[in-house]
Amino acid sequence: MAQFFKAKPNSSKQLSAKQSFSVHQLDHLGAGIAQHQGKVVFIPGALPSETVQAQLTEQKKNYARAKLIKVETPSAERVTPLCPHYQSCGGCDLQHMSLAGQREHKSAALVDIMAKFAGAEGNSVPALTGEGWHYRRRARLATLFDKNTKQLSLGFRASSSNQVVPIDSCLVLAKPLSDLIAPFAKLLNQLAAKSSLGHLELIDADNGHFAVIRITKSLNDKDMAKLAQFAEQHQIHICLQDNNGEFHGVNGTLLLPVYQLLDDKADATPVSLTFTPGNFVQVNAQINKAMVAQALDWLAPQPGERILDLFCGMGNFSLPLAKLGAEVIGVEGVPEMVSQARENAAANGLSNLTFYHGDLSADLSCEPWMGKIDKLLLDPARAGAFESLQWLKKMKPRQVVYVSCNPASLARDSAVLLERGYKLQKLGLIDMFPQTHHIEAMALFELAK
């Protein structure tokens with residue numbers, strides 16, 4: 001049979017052409033969704049109900065991606081981003097949408113993902129919301145040393161890039177920390193070791209403000225004196241982290257950051273949690289308190305109950321649960337955080353609380369310390385708790401509270417719980433990161449009788 005040459009469409013011309021798109025919704029990553037020639041097109045920066053001009057940047061079999069060029073018909077939810085670094089910084093990717101619009105989108109996306117991938121429809125509860133700006137109590141800034149100008153800049157990574165975007169302030173960082181960025185940049189440029197400095201971590205704790213400077217070689221006495229003087233002038237605790245991961249206070253003493261929980265409850269004394277810079281801590285203090293309070297309300301811990309807290313970290317949920325009378329078993333995969341959790345329990349005088357280091361993907365049901373479990377709290381990383389749920393079916397806790405930072409893994413894991421006889425009773429958004437697309441959630445499951 002004769003073979004005839006047939007020219008393929010000029011894909012490069014299709015990609016370079018600017019076209020008009022009608023956006024009808026957002027995906028769970030905050031990108032606008034449009035239809036074009038039978039394909040779904042994802043357009044970051046576009047909002048529902050908008051007509052936009054965009055340029056195709058990627059063509060796949062079933063979808064395409066495009067770069068927003070111009071908004072022709074703006075949405076009523078579109079606002080002018082307040083941050084001068086918005087276009088280049090990779091952090092706050094929904095600043096162009098009103099705060100109310102962001103929360104409405106996130107709540108709807110959460111319900112949609114759970115219904116679509118888990119077949120679960122829970123009793124939606126009001127979202128946990130707080131301040132839209134200056135809510136972060138912790139941030140890590142990258143350093144960029146220019147070999148030509150011999151100048152060091154502080155900033156955040158650009159979107160989908162390792163490039164550092166220099167900044168002098170941050171509107172989602174706690175105001176006292178944001179105000180320290182420019183002075184710190186000036187200070188670090190005065191150090192002889194500025195070319196060997198790593199990241200700068202800023203922390204706003206209940207016992208003061210903290211800064212951690214990553215160093216790759218020891219600082220001389222003059223540099224140390226400058227840091228100590230800056231710390232005194234700005235009333236901030238500065239420590240250095242060396243190549244071995246050890247921390248050293250610039251004034252000779254090392255003070256660790258602390259935050260409190262239950263300090264707003266009239267019927268309970270507060271618990272204090274100390275944490276080491278570098279270890280995980282929820283960055284939104286206001287929402288973390290609300291999240292812990294909601295988990296306590298849903299689980300209603302009682303004396304005599306045994307509650308298992310998986311992925312317990314340094315005790316963010318474990319200590320408050322134990323404070324209200326339940327016997328709590330906390331399991332964590334990071335040894336350093338288990339040690340910190342044990343120290344926190346001892347410092348708060350809690351004896352009804354034990355912590356264990358364990359591989360959370362392995363079967364822990366046969367461990368001698370496990371025993372009968374009445375209720376379960378899960379707070380996994382983005383990957384979820386799929387492996388853990390495989391052995392938890394043997395435990396059959398009456399209630400499961402699942403705290404999630406990824407709705408996709410929550411939906412997948414929810415399907416497992418539903419198959420095992422649990423019913424989704426409550427589902428709610430946790431708006432931990434306003435101005436960004438990130439969706440966090442809490443779900444309550446109860447074993448069907």
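Including glycine, each Cβ sits where the backbone N, Cα and C put it.
Record check: Swiss-Prot places Cys89, Cys92, Cys170 at the [4Fe-4S] cluster site, and the matching candidate among Cys83, Cys239 is Cys83. The candidate list Gln260, Gln282, Gln286, Gln425 contains one residue that Swiss-Prot assigns to the S-adenosyl-L-methionine site with Phe311, Asn316, Glu332, Asp359, Asp379, namely Gln282.
The two recorded residues Asp359 (S-adenosyl-L-methionine binding site) and Cys92 ([4Fe-4S] cluster binding site) have their Cα atoms spaced 34 Å from each other.
The two recorded residues, Cys89 ([4Fe-4S] cluster binding site) and Cys405 (active site, nucleophile), show a Cα separation of 22 Å. For Cys170 ([4Fe-4S] cluster binding site), the nearest of the recorded positions Phe311, Glu332, Asp379, Cys405 in terms of C-alpha separation is Cys405. For Cys92 ([4Fe-4S] cluster binding site), the same-chain residues 6+ apart in sequence whose C-beta sits under 8 angstroms from its C-beta are Pro81, Cys83, Tyr86, Leu171, Val172, Gln435, Thr436. Working note on the binding-site residues Gln282, Asn316: by count of other C-beta atoms within 10 Å of each C-beta, Asn316 ranks first. Under the three-state DSSP scheme, Asn316 (S-adenosyl-L-methionine binding site) falls in the coil class.
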